[in-house]
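To keep things clear, I will list the structure first and then write my remarks on it.
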Amino acid sequence: MSATIDRHAHHQPTEVVTRFAPSPTGYLHLGGARTALFNWLYARHHGGRFLLRIEDTDRARSTQPAIDAILGGLRWLGIDWDGDAVFQFARADRHAEVAHQMVATGHAYRCYMTADEIAAQRAAAQAAKTPLRIRSPWRDADPATAPADAPFVVRLKAPRDGATTIEDRVQGSVTVQNAELDDLILLRSDGTPTYMLAVVVDDHDMGVTHVIRGDDHLNNAFRQLPIYRANGWPEPIYAHIPLIHGTDGAKLSKRHGAVGIEAYRDELGILPEAFDNYLLRLGWGHGDDEIISRDQATEWFDLGGVGKSPSRFDLKKLENLNGHYIRAADDARLAALIAPIGGYDDIDLLTRAMPVLKARAANLNELSEGARFLFAQRPLDLDQAASDLLAGDAPTLLAALHAALDAVQQWDQEATEAAVRQVAEARGVKLGQVAQPLRAALTGRKTSPGIFDVLALLGKEESLGRIADRMAV
Ligand code: GLU
């Protein structure tokens, strides 16, 4: 019997810890929101923890408004994190401490290469048309020969022989020859840690077991793994998810519409649950299921369901889902959401109207527009189609409708419908021919909820007033 020894440590599969690690240099964008959601779902599915780390080490480009937008965007999407957010810049001393330890254990070294020496290697690489891989003479030099007081960077003593293979949960097995990597810098000459070092130290200290992120970071994983190994730290499981493309197949950019998620909330009138469902389906699938609740997603989510090819962002699909979630949403909640959009003040009326209003809206702006007739002041502004419907003998018809509706005692759907039908029959026309001018008079539009719903919502007095404004006297 022979035992095989895995020379790399792995996390014991006891608790899953994932994280979202945005750089606060811009708003939370679609790709970031999806990465956060996948990490959240993976952790919740496994009963683990989901952590948030703000990677604010780029001091010039990291801003407080961007941090606020990211936190606000996550909260809007219902993505909560365990514990307090970790701020990377505040941990710079710890990162430096690890680098110094690595020097002490021989896994990193002080490199005193001058700018001229680096320029010479760059020129040689260019002449040979090979990628630049810094080969520092200090890697194997006796530290005693180091120049006193000269500036230095700390470089990782990366493995040069063999290959590194990552068993990525999405990309599969990916191998890079170690000779292709160079001794990356861990600490700059001013003593500040590099991004590559900070990410690894933070992920280790935070106990992250699964690194789920965009596949633009796959190359970084090959530079980060040696840092884990040098320190004898358990390695995370990697899952690099394909990026999001536009409908034309090109990488998603401003050209394809909004990339920041706040635009979907504030300008496009998307509900968070619709956005979540859409993000989930963007790159992850469970059979043919399209409408997937958060609970269902938590139960089903796994990395095996993440596709290997880039997914395409499709606003039409998002709006279809949004329409579904609007119809499923609570009426009082929808009323509160559209009141500020339309400048409406009667939440009760909006709530009462919501069952009929929400039947056709694809977003909150449409929903708000659909409610406008409820708050319109007499005499109503008419759009062109409504004006056309009110031409000809419509005023005479409206006078007949006014008389019939005025006689209605109990203002309910049954009674108003009977009155309107009676007018249509008396004139020998179909109900629709009566309903259209009536709709135009009541709403100022050609389309609206059902006409008897409109009469009920406006009430007898307001309905008769609007009809009187347009009828022949
Ligand atoms: N801060 C990086 C970014 O915003 C993510 C780093 C990581 O996930 O390892 O793209």
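Glycine is no exception: its Cβ is also placed from the backbone N, Cα and C atoms.
The stretch that TrEMBL tags with motif ''KMSKS' region', taken from the ranges 46-50, 61-65, 251-255, is 251-255. Checking the ranges 22-32, 154-164, 440-450 against TrEMBL, the motif ''HIGH' region' annotation falls on 22-32. Remote same-chain partners of the motif ''KMSKS' region' (251-255), defined as residues 6 or more beyond its termini with a Cβ less than 8 Å from a stretch Cβ, comprise 30-31, 243-245, 310, 313.
Tertiary proximity for the motif ''HIGH' region' (22-32) is limited to same-chain residues at least six positions away from its ends with a CB under 8 Å from its CB atoms, namely 54-56, 58, 61-63, 66-67, 69-70, 73-74, 214, 243-244, 252, 259-262, 279, 282, 313. On the 0 to 100 pLDDT scale, the domain 'Aminoacyl-tRNA synthetase class I anticodon-binding' (334-468) averages 97 in this prediction.
The residues of the domain 'Aminoacyl-tRNA synthetase class I anticodon-binding' (334-468), classed with DSSP into helix (H, G, I), strand (E, B) and coil, number 96 helix, 0 strand, 39 coil.
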